[in-house]
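Listed in TrEMBL:
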type	residues	note
DOMAIN	349-795	domain 'Cas1p 10 TM acyl transferase'
REGION	1-33	region 'Disordered'
TRANSMEM	43-61	transmembrane segment
TRANSMEM	363-379	transmembrane segment
TRANSMEM	410-427	transmembrane segment
TRANSMEM	439-461	transmembrane segment
TRANSMEM	499-523	transmembrane segment
TRANSMEM	555-576	transmembrane segment
TRANSMEM	588-609	transmembrane segment
TRANSMEM	629-649	transmembrane segment
TRANSMEM	661-680	transmembrane segment
TRANSMEM	692-710	transmembrane segment
TRANSMEM	761-782	transmembrane segment
Amino acid sequence: MTDDAERLLPTPVTETPKAPRDVPQDSISKQSGFSKQQTGVKISIAAATLMVLLSVVVVLLKPRPEARFGNEDVQLCSADLANGHLIGSAGYGKAHWQTHSCFLHQYTQKEATTCFKDSRAIYVGDSTARAAYLALRNKLIPDAVNTGGKHEDQHIDGPNGISLSFYWDPFWNVTNQENPPWLEAEGPTAKKPILLTFSAGHWFMKYGGADGFKSFQNALDHVLEGVTLRHSSGVAWSTFNADGAVERVFVRPVNPVVESKLDASRKGLMTPEKVDQFNTHIFSVIGAEGRTLHDVGAPLYSAALYSVSADHTADGFHYDDSVLSHELNLQLNEICNSRLFGKNPAGKATCCVKYSEIKSQQWVTLLLFAVFGCAAWFWRHVTREGRMKGTIGGGFVTDLLEKYLPGEQTSSDLTIIGAAVFYMLLVDRTPLFLKVNKSFYLPTFILLAISTVIPGLATLATEKDTSFLNRHQTDEWKGWMQLAILVYHYTGASSITPIYAVIRVLVASYLFMTGYGHFIFFYKKNVYTFARAASILVRLNLLSAAMAYTMDKDILFYYFGPLVSFWFIFVWLTMYIGNQYNKNTPFLLMKIGVAIMVSWAIIKIPWFLENLFKLLNLVAAINWDAKESAFRLMLDHLIVFAGMLTAFTTTQLSLATITKLKPYALGASLAVIAGYSVFITITPTKFTYNAVHPYISPLVVIAFTILRNYTPSLRGSSSQFFRWVGQSSLELFLVQYHVWLAVDTKGLVVLPFGSIMGSPAVGMFVFGILFFTVATGVSGVSSRVVDWIAGSKVTKWRTVGLLGAMLIWNWAW
């Protein structure tokens, strides 16, 4: 879940009258201790410099150069998956494998079933082979019933033509036959095996005596010969049908033993030394050049995972379901990533799959930024003196460039935005930077949260403005909320229900301020110009659109701009219709009530959004998900109207009434906050919370608003640091997708130093500084670009023309 908000009312056009001081959302100048106007150019230069330097450093420090090009070689893939560590323990209950150099996909049953569709998976060996077989079976067929004894073969057919088999053969005796039993399914109509796994070793140790290791060596030789060489019959094991070979053949490393947990019958016979001896032989033989012709792999990740899982075995060599589940997910990444995501792995995985090529449309988008940014700036800058002296001009081309190219300042601003989205492309659509999975760790979350609070408290200041929800206060509110959201995203805290619930309230708070600020402006100024509406909508969606075209994503993926745009249009229409009667309280309240009902119908009745999106697809060639949009709109359905009603109430209450109601408001607010705190701690899942969030969030936000504005000293105090952050909240929200976060927000960008002490913290710090620099740099120029597209000096036709060009580009896309 991600969330941010606009600058509430983004930078207004100059023709729009300035709102009074009590309108926190509508001010051109940013009244903060940190002036963006004074530092915009320096920030932009620093952003470009840091992006280049960091890119060079990361490329030079890359530990394995071939990996940066997405090499799908089996051994490289296995090594990437093995390069990690186990987070958590058996007692912790949420242990998982964290890779250091690539992003793992967490496979669902549906995805795994799709990968194994119309295929066979075969396991041969002892109880460790059976355990691996059962892990896959339970993944693909969760309701499967055990059939056969522990020391018997097992077979099951699942959905989508899946067939799974386990052959009990602890000494791999069957590998000494020319026609092992799994070849019975051979023939033109046979299902192609996608996986053949051999796993054994412990029985050789326990029952093989002094010759146990030699017997194991001979058995492994027969496995390799059967898989890679042709027998006298001319049929190799890896040729099961007319389609060709098994896609993957694995010889699992022998499970480590924990001697202290072994029973008396195994102690002394199954030892760590023997396990090392067996596994050393496996990896030396499998890795011998030319021996297996890449038909067989020994998963390095299995050895790495089990070597640190001693807490997850009860008998000393059989491991619990959590370890088996992690091993299976690693194996699915190796087998299925290229099968399922090979055409477009963006946002899904970076392990064991090549990055997709950058599309021509994405390059054209960057080219447009180059033409209207870099090239236009160069032309304006180089010809400035000649145009001033009159020595340049008069030609058709010159007149054309003079008329349609942006000015020197605007072209410089477009260059900065273009550089920012190009950097996002490098980070999240190429293998230049390493990406890994998020891993929630409560101490890290607390430490990051505290680190954002300290500078906020250290920069507290008292301002003269003590009005209700004044500009300083709302900027501060947006600032600390945005920082909380950033910490929430970076630490992967969405699975923790109380934290998730608080973040959802913060999202509601942004929308509450949106409804409050727009209502105040329309109610007091009664201004509904095209220029104002266009500038707000362009401001909300400018960077989202640039990122969507560059990153090859739908603009609804960066959903907050479109979300706030939807609610702005609703507020605008509510206030515009019959605006001459807005001072008539019953009429105004009736309009708000009707707006609530109409918005509810649009969101809850599928026909509305589905047909609206069909129309948009017909007109603008866009494909939006009506179901996902309805979900997001419904989550905060009432909060915008709560903001409008709060704004209306503040215009109607007299000082005497406020004084009378203050004690009751204080008690009610404290009770709401306390009750909400208890409620979110006992709510079992975030899905349960989502069902009630639309109805309780307005109460919580209003309660906080009352407490925050309870006294003049509280209203007049605010943090300069939080205000500074709040001024760039939209850009911080968007830029985080592909600069601080990665894999479309699911993962993190990291330095190429693995788990070296302090490396994650250093990476977080380095990329965090870069992220803030890029976001604030883009924020400093966005308003001017909006003015160029939809400002007061721009005709309606120019704005419409630019939007029309975007529609044409959609069709071309």
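Placement of Cβ uses the backbone N, Cα and C atoms for every residue, glycine included.
No curator has checked TrEMBL annotations; they are predicted automatically.
Within the same chain, residues 570, 573-575, 577-578, 581-582, 626-627, 629-630, 633-634, 637-638, 641, 644-645, 648 sit at least 6 positions outside the transmembrane segment (588-609) and bring their C-beta atoms closer than 8 Å to a C-beta of that stretch. When Cβ distances are compared across the two stretches, the transmembrane segment (629-649) makes contact with the transmembrane segment (499-523), since 3 or more pairs at least 6 residues apart fall below 8 angstroms. Looking at which of 363-379, 410-427, 439-461, 499-523, 555-576 has the most CB pairs under 8 Å to the transmembrane segment (661-680), the answer is the stretch 499-523. This prediction places the mean pLDDT of the domain 'Cas1p 10 TM acyl transferase' (349-795) at 91.
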